[in-house]
Amino acid sequence: MKRIISFIVTVLGLTIIMAVTTPGLLKDVRLGLDLKGGFEILYEAEPLMEGQQVTKEALQETAKSLQKRADALGTTEPEVTPEGTNRIRLKVAGVTDEAEVRKTMKEPANLTFRSNDGCKEGEEFCKIELRGNDFVENGASIAYDQLNQPMIDIKVKDKAKFAEITERLLGQELAIFMDDQLLSAPTVQAVLTDGSAQITGSYTLDEAKQIRDTINLGALPLKLVEKYSQSVGATLGMQSLTKTLQAGLLASVAILLFMIIRYRIPGLLASFALILHTWLLILVFVWADFTLTLPGIAAFILGVGMAVDANIITYERIREEIRTGKSVASAVKAGGKSSLRAIMDSNVTTILVAAVMFAFGTGAVKGFAIVLILEILISIATNVYFSRFLLNLLVRIGWAGKPSHYGVKERDIREL
Amino acid sequence: MSFKNFNYVGKSKIFFIFSIVITVLGLVFLLMRGLNYGVDFRSGSNVDISFKQQLTSEQVQPVLNEIGIGEDASITEGTDRINIRFSDVLSEDQDSKLRSAVQKLDPSATFEVNTVDPEMAKELGRNAIYAVLLSCIGIIIYVSIRFEWRFALAAIVALLHDAFVVVSIFSILGLEVDLTFIIAVLTIIGYSINDTIVIFDRIRENLRFAKIKRRSDLVELVNKSLSQTIGRSIYTALSVFIAALFMLILGGESIRMFSLAICIGLLIGAYSSIFIASPLWLVLKGKNVSNKPQKAVKPNKDKIEI
């Protein structure tokens, strides 16, 4: 009786949990651009001027400035990620004007120091006094004044020019602009003839660092060359998603039907384990915030077939044992035991292959490998141990005690 | 079942020859014709447009000519969609002109534009090949520890055979190879090794209780192991095949080639596990046994190697 209750509670409880949570989970799965539509560009960064090198800092700064520009576009969650030594990947969803995005992104970071010299009424900082390439590369650094207040040291290449500017603008503001965004507007305090200056102000350390990075980036702007771009219309993405999901759903139903017809009661349990397997996989996707892409879905659906393999191996083995004349209970025990090693060895080998793919693959290959590893791990839990637990319960209860429950005909059983 | 007493390894010569012929044929085709690389592997632009109403290439071609990109374009019509391939990368200007011009024909048109520098795809392909070779080393180590080196060698030959045959078939039929194809081949490798190991596990298990005196004992043992696992081999291949087939028929256009590669690979993988990997192990193992005269070997002796 206790076993009947624990079986019913387990199955019913899980069914309810899955039924309640699935719609919400499905909504939370992050979709890749190929499914929700959007725009992806891979840039390769080259130094704007010859003879310079792309440093890690410069790449990161460029990525940051791209991120800012992308955020300014007003699209949802633009993603900018530096890759390797000289690449930056940009992903923007739901873009209506691609040409505009391309244009904004491609321009090198444009650092200017501007003044109000000769500006008309109402115009602010119209005159560009210095440009990014007027500064010494990596010449900006953080220093502290007597009050331990952070300030930024800068170095200019042309001393005479800088002296002229500071003389002309003495007591006026010299504003720092990144692209068209005002970062800071310090006032010129003295005429500076040695080409170096301190920007002081009540900056926090973070603000000071940001200005330093911006000036250094401006001094070494990177040219971005489009290496690869992919653009998927939102409706097209949806089409792919629904079509693939439909295919997956039908395939799953076909596999479940096959399992039930061939293996009867254990087949039913395997089907339940398979549904649980899929639900867990979605759960992990949402929790770990993985992005689901088309190859990912492909791996997902394919993995269902692989998970079912664990059950097929076990059940074929159990049927074999039953046919030799063993009692059902001992056949289940023996079949489970001897099939476990085959399942584990084959799964470990496949995980090994997937792990190498993950370590050495890029982009889509990595995503595929992750899904595959996850699937195998989850399938060991659900389609090996969980379905075995359920089957053992049923055998003890006596609901799965006849050879016919396993799809074995009486006349196939050998006499002992 | 007639599978029960089938002499699987008896015909192994035929299957070896069959596989060698396919491999050589594939090699010839790969060297002569290469692969039909998709836009992922060639520089250029690939434009997929889907419509509410069907547009024909006769309607689209003049539009392309007007923008000045008509000569370079090869147009393929599909249901409710049209594919245009340019061997030169479209400039941003041409891209937006194309969009607005086509949208005049059908305002509901949606676009999928892929532009690529072939370096990226080649790099991914190279990485994939390295990954496969590295995972082979991993398999050799793992299988040698858990089984023995002969199993490892046979499994790897079968695995590389599967990957190569699928690549060959794509070359022979001139099917398009894109980035997802690489993933498909990797999947096939994963499936193939999984499939082979399960059969090897049964051979290993039967070896523990077997008295191997002659080569014919070994043949019998492999046949027995195969007939014991044939049900599983068929049903698993079938269920994964069902999944892949549904994806092929109902899945989106963008994963069609992927699904096709998987479908072919599954069949090849199931075939090679039974008819290549197991007989190959027999050949390797048989060298130990066949030369020895029929002297009484203690049953324990053969256990040790496992």
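The backbone N, Cα and C atoms fix where each Cβ goes, and this holds for glycine too.
Please treat TrEMBL annotations as automatic predictions, because they have not gone through curation.
As recorded in TrEMBL:
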- A:49-76: coiled coil (COILED)
- A:60-117: domain 'Protein translocase subunit SecDF P1' (DOMAIN)
- A:129-221: domain 'SecDF P1 head subdomain' (DOMAIN)
- A:228-393: domain 'Protein export membrane protein SecD/SecF C-terminal' (DOMAIN)
- A:244-261: transmembrane segment (TRANSMEM)
- A:268-288: transmembrane segment (TRANSMEM)
- A:294-313: transmembrane segment (TRANSMEM)
Legend entry - Intrachain residues whose Cβ lies under 8 Å of the transmembrane segment (A:294-313), provided they are six or more past its termini: 32, 34-35, 240-241, 244-245, 247-248, 251-252, 255, 259, 263, 266-267, 270, 273-274, 277-278, 281, 339, 342-343, 346-347, 350, 364, 367-368, 371-372, 375-376, 378-380, 382-384, 387
Inset, instruction - Determine how many residues of the domain 'SecDF P1 head subdomain' (A:129-221) DSSP places in helix, in strand and in coil. - result: 28 helix, 30 strand, 35 coil
Legend entry - Folded-back contacts onto the transmembrane segment (A:268-288), same chain, C-beta under 8 angstroms, at least six residues removed: 11, 14, 18, 21-22, 25-26, 28-30, 252, 255-256, 259-260, 300, 303-304, 307-308, 311, 315, 371, 374-375, 378-379, 381-383, 386-387, 390-391, 394
Legend entry - Averaged pLDDT, computed only over the residues in the domain 'SecDF P1 head subdomain' (A:129-221): 81
